[in-house]
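Heads up, the thing below is written out as structure tokens.
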Amino acid sequence: MGSSKDIAIGPVAVVSLLLGSLLQKEADHDKDREEYLRLAFTATFFAGITQAALGFLRLGFLIDFLSHAAIVGFMGGAAVTIALQQLKYVLGIRSFTKETDIVSVMESVWGSVRHGWNWQTVAIAFTFLAFLLLAKYIGKRNKKYFWVPAIAPVTSVILATLFVYLFRADKQGVQIVNKIKKGVNPSSVHKIYFTGPFVAKGFKIGAVCGMIGLTEAVAIGRTFAAMKDYQLDGNKEMVALGTMNIVGSMTSCYIATGSFSRSAVNFMAGCRTPVSNVVMSTVVLLTLLLITPLFKYTPNAILGSIIISAVIGLVDYEAAILIWKVDKMDFVACMGAFFGVVFKSVEIGLLIAVSISFAKILVQVTRPRTVLLGNLPGTTIYRNTEQYPHARHVPGVVIVRVDSAIYFSNSNYVRERILRWLTDEEDRVSAEGLPRISFLVVEMSPVIDIDTSGIHALEDLYKNLQKRGIQLLLSNPGSAVIEKLQSSKLTEHIGNGHIFLTVADAVRFCTSKSMQEP
């Protein structure tokens, strides 16, 4: 139902920890296990309802607030976090922190260095990690061997399981998967609360976890969509995730979403379409029904190695360097997402990235660019004097272009910035002994709209210029702008004869007027 070709669905650490902590506040899983489970299924149901409703209401545009820079940072941070979480399997640590931030993880790792590490586990993990990385290297170097990295994870699982079974490494402290219960989950429709006090609690928990899961899934989907150069439909993703969780709540499942680790493995294995999810689900189903005993001796270390090898490629430092070169504010958003995820959590990283992106928008809206224009010699073209240093100033005329709509949020800034340009030019011509400034031309072709505050700012500008003996001229205002200027009677104050189609027309008018003056 979704539009992502790469996302792999399942339970994830962030949503699992969040759901568990919220459920524990409402019901004790040790003292009242049944109530705890019912509340979990209820929360899952309402998480699905929330996600699907957002999709049906066409609110997929909300994902556009995750910029490319934020996704690069989020992806890198999540990759580091996931890799760090695998250290408990790679090093054979039994007592490991439930936190995901790097400080807690490293404290847990170094706190167990003397008695918690298992050298056999470390040997298995790093041997197969080296094998997986070598397979990826071979596949990249020679496209003819694309199948090598594709079969490497399955090969690693089989070999590692055989090794542990033959040498009984589990007796030496190597952690294994152990017995997995056969069969599939029973129906849980009758366990969902549709009435009573737990409905409100389930809805609150489900809405919070559903939004976090949705944000994470869409961010993951967009990440891989960008890597493969295709479009992601946010509305479809929301409806798909919501439907999935609604159905899941009725089959003894708790909230699931897009998994970064599984998606990375899926991506690196060479998946092309969502059919990979169908194949995965079918294999898992058959595994649960038929061959779960075969995985008894599979070491946890090999699973950790597969995930680490998959997420390494998601740290795109080259993209981060490029972002730094292109846009420093985007780089701040990128690093905010990265460090937020690494040092706190996924949701904090996303919150930081979105907040910085919003701040960037606010800065751009409240502080639009205004530039001074000059004439390119031998033409009637007027361009930014900073971009074209050889563009010449027109004697007695200041030409300013406003590169934004003029709203209440920036109208005062635009007026003050234009007056500042004018003052600077007056100082310059006075110092150089040139003719005084008699005309100010405001190029308005980039101004797509204007509100009453913007009109009021232009009126104040006009009055200020009148006191200084300077005539205000407007060049090429758009249809929406000119209609509002006419409705407000501002065109009558400025004079219809002082509004021109092009800057060149306005300059010709200024030149003729100057020549007529004694």
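Glycine too: its Cβ is placed from the backbone N, Cα and C atoms.
All annotation found in TrEMBL is predicted automatically rather than curated by experts.
Taken from TrEMBL, the feature domain 'STAS' covers 387-510. Annotation source TrEMBL lists transmembrane segment at 7-24, 36-57, 69-87, 117-138, 145-167, 238-257, 278-295, 301-324, 331-359.
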DSSP-wise, what's the residue breakdown of the domain 'STAS' (387-510) into helix, strand and coil? 63 helix, 21 strand, 40 coil
Among 36-57, 69-87, 145-167, 238-257, 331-359, point out the range having the most Cβ pairs under 8 angstroms from the transmembrane segment (301-324). 69-87
Contact set, same chain, for the transmembrane segment (238-257): CB under 8 Å, 6 or more residues outside the stretch: 1-2, 9-12, 15-16, 19, 40-45, 47-56, 59-60, 184-189, 192, 206, 209-210, 213-214, 216-218
Between the stretches 36-57, 69-87, 117-138, 145-167, 278-295, which wins on the count of C-beta pairs under 8 angstroms to the transmembrane segment (331-359)? 69-87
When the pLDDT values for the domain 'STAS' (387-510) are averaged, what is the result? 92
